[in-house]
Amino acid sequence: MSEQIVTPESSTPVVSNNEAKINLLDLNRQQMREFFKNLGEKPFRADQVMKWMYHYCCDNFDEMTDINKVLRGKLKEVAEIRAPEVVEEQRSSDGTIKWAIAVGDQRVETVYIPEDDRATLCVSSQVGCALECKFCSTAQQGFNRNLRVSEIIGQVWRAAKIVGAAKVTGQRPITNVVMMGMGEPLLNLTNVVPAMEIMLDDFGFGLSKRRVTLSTSGVVPALDKLGDMIDVALAISLHAPNDAIRDEIVPINKKYNIETFLGAVRRYLEKSNANQGRVTIEYVMLDHVNDGTEHAHQLAELLKETPCKINLIPWNPFPGAPYGRSSNSRIDRFSKVLMSYGFTTIVRKTRGDDIDAACGQLAGDVIDRTKRTLRKRMQGEAIDIKAI
């Protein structure tokens, strides 16, 4: 019997916390146009309002000066623009910023990573995570629910507003978004896809599809479905050169093994233009677990039929974790083996680890409503794609 991952409580509500009003951040452009049509307005009004919402991070209808007063008044009666609030901010010595963002009575974490030529925002898709990857802090928090569209795109909106207001400090505007925060995005397709549509929309944030990246641990039915819904860059959390190791550290592999996963990746690449023909492989380096030169040779053989570049990620510790970080010398030897096979191989620079904002360290504040035994069934049995 298959398990349903998306529950009734986690599907996208049309109505916000204020039961009388629709949160416009929950609507992509098609839905926004339908909303205005139902108000008796022309569809172009949706474009106007979205431009104010996303180009100027405006949440006040009275400031939308190219909208007539009558319509502004009507909008105030039936709608609102409500992004989740930042309740805590931490700044790293390397410029990385981590925001704890309130979603109801819980928190998720969003990370802003500035670089010389760009700024990347790492966005969460769920409150917690059900997949229990052993090396990841988020997985140890359990799982509560999927984020709504407004809570996903609202992270980008809130970050853009903060960075935009701080232009005098020299902070770089957001150029890239990665769905690599808390949660497994493919277990929340219903809400993740509309949020990414807004990121790509010219009346939304207007990002290139090559600058919006979704990372997955391998929910194969949902990955096949994603390719028919939207085209964005794809990264996969592989982390092991064989099924024996991956079964242990990424338990969903017991249901969708590496061969099955990579087959779905290749099918996605056939449909995608955003990836320019290759996928990004994420590989966390765990000391004497998956980081030997024999593992590097196995990985190279495993990936020879999958066009890719490989990101080696030094593991970032968290309390109670059973692993150690690979030494620089082991990472260097591993990298050289991969490059000898002709793979583009990058050792990811750790950012924000002094504020627990680095890869695998995001935890938030999660009320775990998914029992551990249920989570194990979710990993060991078929996932109902109709529920995704």
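The count begins at 1 with the first shown residue.
The backbone N, Cα and C atoms fix where each Cβ goes, glycine too.
Features as listed in Swiss-Prot:
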ACT_SITE  Glu109  active site, proton acceptor
DOMAIN    115-354  domain 'Radical SAM core'
BINDING   Cys129, Cys133, Cys136  [4Fe-4S] cluster binding site
BINDING   Gly183, Glu184, Ser215, Ser237, Leu238, His239, Asn316  S-adenosyl-L-methionine binding site
### Task
Please report how many Å separate the Cα atom of His239 (S-adenosyl-L-methionine binding site) from that of Cys133 ([4Fe-4S] cluster binding site), as a whole number.
10
### Task
Indicate the candidate from Cys129, Cys133, Leu238 with the smallest number of other Cβ atoms within 10 Å of its Cβ, considering only these binding-site residues.
Cys133
### Message
Fewest other C-beta atoms within 10 angstroms of its own C-beta: which of the recorded positions Glu109, Glu184 fits that?
### Response
Glu109
#### Entry: Of the recorded positions listed as Glu109, Cys129, Cys133, Cys136, the one whose CA lies nearest the CA of Leu238 (S-adenosyl-L-methionine binding site)
Cys133
### Query
Can you tell which of the recorded positions Glu109, Gly183, Asn316 lies nearest to Cys133 ([4Fe-4S] cluster binding site) in space, using Cα positions?
Gly183
### Message
Test of understanding: give the count of other CB atoms lying within 10 angstroms of the CB of Ser237 (S-adenosyl-L-methionine binding site).
### Response
25
### Query
Looking at the recorded positions Glu109, Cys129, Cys136, whose Cα is closest in space to that of Glu184 (S-adenosyl-L-methionine binding site)?
Cys129
